[in-house]
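As given in TrEMBL:
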type     : residues  : note
TRANSMEM : A:58-83   : transmembrane segment
TRANSMEM : A:95-116  : transmembrane segment
TRANSMEM : A:122-142 : transmembrane segment
TRANSMEM : A:162-183 : transmembrane segment
TRANSMEM : A:214-232 : transmembrane segment
TRANSMEM : A:253-281 : transmembrane segment
REGION   : A:320-351 : region 'Disordered'
Amino acid sequence: MKDNMNWSLFWSTFKKTYSIYLVLLALFIVCSFANPNFLSVNNLTNISTQLAVTTILAFGQTILIISGMLDLSAGSVLALSGVFAVSAYKSTGSFTVAIVTGIVTGVVCNVVNAVMVSTFKTPPFIATLAMLTMARGVALLFTKGQNILQLEDFTILGQGSIGFIPIPVLFLIAFAIITWYLLRHTKFGRSLFAVGGNEEAAAASGINVSKVKYSAFIINGIFVGVAGILFMSRVNAGLPNGAINYEFTALTAAIIGGTSFSGGIGSAGGTLAGAFIVGFLDNIMNLTNVDSYMQQIIRGAIIALAVIYDIRSKNRRTKNTLGRIEDKSGKSGKSGGRRGEPIQEIAKGPH
Amino acid sequence: MKKTFITVVSMLLVLVLLAACGNSNTQSSSGSEAQGNNSGEKVYKVAYIARAQSDSFAAWLANAVKEEAKKYPNIKLEVFDGQASDDKENSMIENAITNKFDLVIVQPNNGEAQRPYVEKVINAGIFAITTNARISGIEGASTVDADPYEQAGVNARAALDQIPQNAKVVVLNGPSGNFHADKRRESWQKEFFDKRPDVQIVGEQIANWNKDEAMKYMEDWVQANDKIDAVVSMNDNMAAGALEAVKDNAKYSGMLAYGVDGTAEAFQLIKEGKMTSTCLQNAFELAEKLLDTSNKLLTGVEKQIDTDIGNPLITKDNVDEYIELLEKAEALK
């Protein structure tokens, strides 16, 4: 009887932590059988290159969502950073100037986001929606709505490779590691979870909530800036109209990867897996020439499934927690008010 | 904190006030000019309501219209930006009626959505012209446009001889429901695919006029097919995206690629021999015809006009003269 319980506990923990990777693996196997070209090295490299930009955005979103925020302006700010970086490169010929320009643009826009969200207490949804419109407007005004062409050597960042690994994929790997490290192994990462889980509790336990929010947006700004540079370099043009709706692709990857919109839950690995699930699906649908409209329906259905799964598993988790508390105390009435406690424990941990 | 907030709000208010003053200045000046210019000739107020200043062709057209209007001392032009929204564009049309413009030019965001509003313009006794794309069948309204069917058609007819037997091709479409996207695709169907049943479409997707989306589709198609003989794209941006995906791949160096619009990038690709042909949608020519039509309507020469610009096919042979034309467009910005 006890063994049985341990096994089920083990299985539920395993499922909670690794289910997303199992889904990814299953999809990978199905795709391999669905089309012989899927498994070719070229195709897999392609998928990774295609995913680099949106996945880097998704890491930024993961950091924000974990701390109870989000960034709807990512696609527009990406275009603005990219367009500025491209013009900087065209007028100076220097990669350093271009990269710094792109990143600074991303950071400045996100500091404005942070001012609205943290200082003026605007809901992140509205604040970043405002930035979405403004950043796109600036990009269009700056370019007068025209594409910037002939980037020449600038394309090396998006189209070149080191050895057999494309440079965007190297960026993707680097940002995955950075995000994982930030979330798992730093005090800042733990404060993100604390703020997202329960802001009041986090503040009460001595976390500077405003500083955490500013930092989260600034990091997101760096990610978006780099993504902008990679994007423009890959398409060999400064597209003021580029990357429309990329924020939603990024959010999709984060959500499928198990990041919870209620805050306090999410991981770099999950988001990476989420991005690849979307990437594999898109790729296999193109390889097998699935109709455009059908593709949209399938993509939507996947998001719906992921969110339903997220909510169901959260309910189960709440029940489990309540159940355990009940077991310990032997009474059922007192458990309701104690749900904030674990978060406070996490929050206190790093100090 | 409270202080900062008040400062920011008051600064914003001042900004709005200043902007409003600027506007009322132009309005009052245009109002007085409407009475007559120096030579005593009547000056007409014309509103140009653009679909969106954010789309690169619409921006070029708006600039060209502004430039062309300078040649007409009897026309005072004001440009409005519909911001790619039916709702905004419709309310701008209504505002133009309220502000008693003499003529309203509408570049619809979505023809059917603007139709009742253009009808309102006519009912108010104001001249109306619809352009790029025209809204046909409104009694009393004039139209100036390029024919999207023909724009794709000139490419498709040339392709009949160029695309090899049993070729495998991929097709890149514009947004579904867009008048130009649908007409261009229909033209390729009737002028090419129906006449060449040997040609196989191995991939067809909506890339929303975008270079980045087209590039991604092409990368996937290259994996799925051992060869692709031609890219049939409904605009130049998407054709350029497809070519970007295979630019370092020797296997695709002889691939044909067709577009429409006549963008600077397409001209460059045609000159380099990477792209086969495109059809120029010439904003200068549209602007010329728009102002000429406006002038004829306002001065009572004609009551209603429907006219089209030409659809020149641009290939390696004639691309140089059009590059010069685009350089002029560049200087306009």
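Cβ coordinates come from backbone N, Cα and C, glycine included.
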Residues of the same chain, at least six outside the transmembrane segment (A:58-83), with any C-beta under 8 angstroms of its C-beta? 101-103, 105-106, 109-110, 113, 117, 124-125, 128-136, 138-139, 142-143, 148, 175-176, 178-179, 182-183, 192-193, 195-196, 199, 212-213, 216-217, 219-221, 223-225, 227-229, 231-232, 238-251, 253-254, 257, 259-261, 263-268, 270-271, 274-275
Would you kindly list the residues that approach the transmembrane segment (A:95-116) from elsewhere in its chain, counting only those six or more residues past its ends and only Cβ-Cβ distances under 8 Å? 71, 73, 77-78, 80-82, 84-86, 88-89, 122, 124, 127-128, 130-131, 135, 154, 157, 213-214, 216-218, 220-226, 228-229
Positions whose Cβ lies under 8 angstroms from the transmembrane segment (A:122-142), at least six residues beyond its ends: 64, 68-73, 75-77, 79-80, 83-84, 87, 109, 112-113, 116, 240-241, 247
Do any residues, 6 or more residues outside the transmembrane segment (A:162-183), come within under 8 Å Cβ-to-Cβ of it, and if so which ones? 45, 48-49, 51-53, 55-56, 59, 62-63, 66, 156, 189, 192-193, 219, 223, 226, 230, 234, 266-269, 271-272
